[in-house]
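*Asks:* Here it is, the structure, as structure tokens.
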Amino acid sequence: MDPGNHSSVTESILAGLSEQPELQLRLFLLFLGICVVTVVGNLGMITLIGLSSHLHTPMYYFLSSLSFIDFCHSTVITPKMLVNFATEKNIISYPECMAQLYLFSIFAIAECHMLAAMAYDCYVAICSPLLYNVIMSYHHCFWLTVGVYILGILGSTIHTSFMLRLFLCKTNVINHYFCDLFPLLGLSCSSTYINELLVLVLSAFNILMPALTILASYIFIIASILRIHSTEGRSKAFSTCSSHILAVAVFFGSAAFMYLQPSSVSSMDQRKVSSVFYTTIVPMLNPLIYSLRNKDVKLAVKKILHQTAC
């Protein structure tokens with residue numbers, strides 16, 4: 001289709017989660033609450049780990065990095081969504097849309113690989129405790145984290161670069177609550193075959209590979225837990241692992257539903273619901289899941305509260 005026969009989209013309207021006016025206030029209050037919990041929880045976790053010397057270990061180094069990613073991941077999307085709920089205008093400019101897509105993709109990809117790094121760290125700690133300090137040295141942790149962000153930036157740059165090559169002119173309504181890949185591809189007047197192929201290939205690498213790493217790590221971890229003779233110790237370990245596995249399953253399951261299938265397979269409304277989980281729910285839950293059953297975190301909180309009171 002010749003781009004010269006069409007006017008390009010310079011400003012778009014985000015369809016949002018619901019078009020019903022009576023739901024906008026309720027959705028605003030719901031997501032405002034989620035946003036506050038997410039920001040407080042993740043920034044609180046980063047601050048707590050930074051201030052507590054006994055938490056300066058590889059496990060908490062990765063947890064701090066995950067909290068930073070979750071904070072950024074959420075704030076790229078939620079503030080704009082809240083403004084749209086409040087004003088009911090839902091307008092986003094083309095540069096703002098591309099910037100949101102680029103930043104969102106960085107942190108979404110980075111989160112996949114950070115969760116895999118954390119699972120590997122847990123595997124080494126439980127299955128090879130004598131070699132833990134050698135394998136998970138500060139040097140290795142640093143470069144693992146750098147690698148996570150490099151993969152995020154590389155994947156996001158590829159997606160956004162190919163998106164910028166498309167001529168968006170079909171409509172100015174984006175059937176989503178933020179600028180994501182498949183909703184934007186639906187606006188294109190030119191062929192999206194390469195873009196959709198890239199989404200499937202890169203999603204397979206950035207979702208399936210980390211998911212398989214996590215699965216393998218937890219298989220070995222569970223096998224080690226089963227060898228624990230103490231019933232109390234075994235149940236405690238299973239309780240902790242089950243909460244971690246649940247958070248990971250929700251994140252990767254919803255992300256896979258969104259990206260690991262062609263755009264024609266499921267409706268955009270189904271994809272909207274799925275994306276709520278990995279863009280807002282999981283970033284809110286992660287600090288709670290990784291801290292509620294953690295004695296080290298509870299001890300650090302008590303110490304800081306005691307120092308503040310004194």
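Residue numbers in this text run from 1 along the chain shown.
Cβ coordinates are placed from backbone N, Cα and C, and glycine is handled just like the others.
What Swiss-Prot records for this protein is below:
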type     : residues     : note
TOPO_DOM : 1-25         : topological domain 'Extracellular'
CARBOHYD : Asn5         : N-linked glycosylation site
TRANSMEM : 26-46        : transmembrane segment
TOPO_DOM : 47-54        : topological domain 'Cytoplasmic'
TRANSMEM : 55-75        : transmembrane segment
TOPO_DOM : 76-99        : topological domain 'Extracellular'
DISULFID : Cys97-Cys189 : disulfide bond
TRANSMEM : 100-120      : transmembrane segment
TOPO_DOM : 121-139      : topological domain 'Cytoplasmic'
TRANSMEM : 140-160      : transmembrane segment
TOPO_DOM : 161-197      : topological domain 'Extracellular'
TRANSMEM : 198-217      : transmembrane segment
TOPO_DOM : 218-237      : topological domain 'Cytoplasmic'
TRANSMEM : 238-258      : transmembrane segment
TOPO_DOM : 259-271      : topological domain 'Extracellular'
TRANSMEM : 272-292      : transmembrane segment
TOPO_DOM : 293-310      : topological domain 'Cytoplasmic'
*Asks:* For the transmembrane segment (272-292), I need the partner stretch with the highest count of C-beta pairs below 8 angstroms, choosing only from 26-46, 55-75, 100-120, 140-160, 198-217.
*Replies:* 26-46
*Asks:* What's the number of neighbouring CB atoms sitting within 10 A of the CB on Cys189 (disulfide bond)?
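*Replies:* Result for Cys189 (disulfide bond): 17 other Cβ atoms within 10 Å.
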*Asks:* List, in sequence order, the same-chain residues at least six positions removed whose CB sits under 8 Å from that of Cys97 (disulfide bond)?
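*Replies:* Counting only residues 6 or more apart in sequence, the Cβ neighbours of Cys97 (disulfide bond) under 8 Å are Ser12, Ile174, Cys179, Leu184.
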*Asks:* Decide whether the stretches the transmembrane segment (55-75) and the transmembrane segment (140-160) have at least 3 CB pairs under 8 angstroms, with pairs required to be 6 or more apart in sequence.
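*Replies:* Counting Cβ pairs under 8 Å, at least 3, so yes.
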*Asks:* Would you kindly check 26-46, 100-120, 140-160 and say which stretch has the most C-beta pairs under 8 angstroms to the transmembrane segment (198-217)?
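*Replies:* Of the candidates 26-46, 100-120, 140-160, 100-120 scores highest.
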*Asks:* So which residues does the topological domain 'Cytoplasmic' (121-139) touch in its own chain, when a touch means Cβ under 8 Å and the partner is 6 or more beyond its ends?
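*Replies:* Here the qualifying positions are 58-59, 62, 217-218, 220-221, 224-225, 244.
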*Asks:* Looking only at the topological domain 'Cytoplasmic' (121-139), what are its DSSP counts of helix, strand and coil residues?
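*Replies:* Looking at the topological domain 'Cytoplasmic' (121-139) with DSSP, the answer is 16 helix, 0 strand, 3 coil.
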*Asks:* Mean pLDDT across the topological domain 'Extracellular' (76-99), rounded to an integer, is what?
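*Replies:* Here the mean pLDDT over the topological domain 'Extracellular' (76-99) amounts to 90.
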*Asks:* Using DSSP, what's the helix, strand and coil tally for the topological domain 'Extracellular' (76-99)?
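*Replies:* Helix/strand/coil tally for the topological domain 'Extracellular' (76-99): 18 helix, 3 strand, 3 coil.
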